[in-house]
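Colleague: Here it is, the structure in full.
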DNA sequence: ATACGGCCCTGCGTGC
DNA sequence: TGCACGCAGGGCCGTA
């Protein structure tokens, strides 16, 4: 999936086409996503889309009675197409707009989600337990250092924990650790303050760079206009197992950490 | 509290 | 050509 940059690129792509438009109809073709799609999302029908926000990897389509929450899971894509454009396999959700266009959520693996957050309802737990956004000043090396004391898990898993910081998935965790020169297997509690400072900056830099490139397309991801993202060309370690490190030419190693494929340079990352 | 494994799905590449 | 298998951007939940 889509990690934070891909979700942000999706938001930027669909926003100018959707904000200010009125939702005419919502069609759920496949209600079995990560969670059952609730009937309550139909409350948005007839209302204008006031704003589209991102929180972690969730997108929130704000309307007067509440917000439609979308998550792209591992293979989700959002596109805005003409209302009469042919349906495609795995088009699970269609949000039709008054301007004869529609948003389609296409997600082969169905790990994505569509939920409803009513305006006057308590915030969904899945939103309240999230840590800070990585691209704000709420997130810095000091936070990483403080929360990691005593933690024995691998630093890579630590930065992928949504309670620590949101939006860092497998690709960008690998890339950030490379930039910061930290071995992804290292115990989180044994990484020093200076290294965490570098890591926080690396995370910000990598995420910003990926957003600027339209995200990373490995296979499924597409921007809202259907084009791929181009950050894959700038990946330094992810998926480059056996190839020369771009800095020192040592072959990039692949290891499994927390059931996820991980890549690092044994020379540059300690 | 922390940490790990399992699980929800489909599609694609690999190797026999 | 066909089939079985493993693996893929995520994240919740149950269990030690």
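Numbering starts at 1 and runs along the chain as it is shown here.
Note: Cβ is positioned from N, Cα and C throughout, glycine not excepted.
Relevant sequence annotations retrieved from TrEMBL are reproduced here:
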ACT_SITE  A:2  active site, schiff-base intermediate with DNA
ACT_SITE  A:3  active site, proton donor
ACT_SITE  A:57  active site, proton donor
ACT_SITE  A:260  active site, proton donor
BINDING   A:90, A:109, A:151  DNA binding site
DOMAIN    A:2-112  domain 'Formamidopyrimidine-DNA glycosylase catalytic'
DOMAIN    A:236-270  domain 'FPG-type'
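Can you tell me where each of these features sits in the structure?
Modeller: Mapped onto three states, the DSSP output places residue A:2 (active site, schiff-base intermediate with DNA) in coil.
Sequence-distant neighbours of residue A:3 (active site, proton donor) (same chain, 6+ residues apart, CB-CB distance under 8 A): A:57, A:167, A:168, A:169, A:170, A:171, A:172, A:210, A:216.
Residue density at residue A:57 (active site, proton donor): 24 other Cβ atoms are found within 10 A of its Cβ, drawing on all protein chains shown.
Sequence-distant neighbours of residue A:260 (active site, proton donor) (same chain, 6+ residues apart, CB-CB distance under 8 A): A:160, A:170.
Note: residue A:90 (DNA binding site) has non-local neighbours A:30, A:106, A:107, A:108, A:110, i.e. same-chain residues 6+ apart with C-beta under 8 A of its own C-beta. Look at residue A:90 (DNA binding site): DSSP puts it in coil.
If you take every residue in the domain 'Formamidopyrimidine-DNA glycosylase catalytic' (A:2-112) and average the pLDDT, you get 97.
For the domain 'FPG-type' (A:236-270), same-chain residues at least 6 beyond its ends with a Cβ under 8 Å from one of its own Cβ atoms are 153-154, 156-157, 160, 170-171, 174-175, 177-179, 181-186, 218.
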Colleague: For the binding-site residues A:109, A:151, which one has the sparsest Cβ surroundings, going by other Cβ atoms within 10 Å?
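Modeller: Each of the binding-site residues A:109, A:151 was scored by Cβ atoms within 10 Å; lowest is A:109.
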Colleague: Rounded to a whole number, how many Å is the Cα of residue A:151 (DNA binding site) away from the Cα of residue A:2 (active site, schiff-base intermediate with DNA)?
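Modeller: About 28 Å separates the two Cα atoms.
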Colleague: Enter the number of other CB atoms within 10 angstroms of the CB of residue A:2 (active site, schiff-base intermediate with DNA).
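Modeller: Taking all protein chains shown, residue A:2 (active site, schiff-base intermediate with DNA) has 26 Cβ neighbours within 10 Å.
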Colleague: Take the C-alpha atoms of residue A:2 (active site, schiff-base intermediate with DNA) and residue A:109 (DNA binding site) and report the distance between them in angstrom, rounded.
Modeller: 13
Colleague: For the domain 'FPG-type' (A:236-270), give the DSSP counts of helix residues, strand residues and coil residues.
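Modeller: Helix (H, G, I), strand (E, B), coil: 0 helix, 12 strand, 23 coil.
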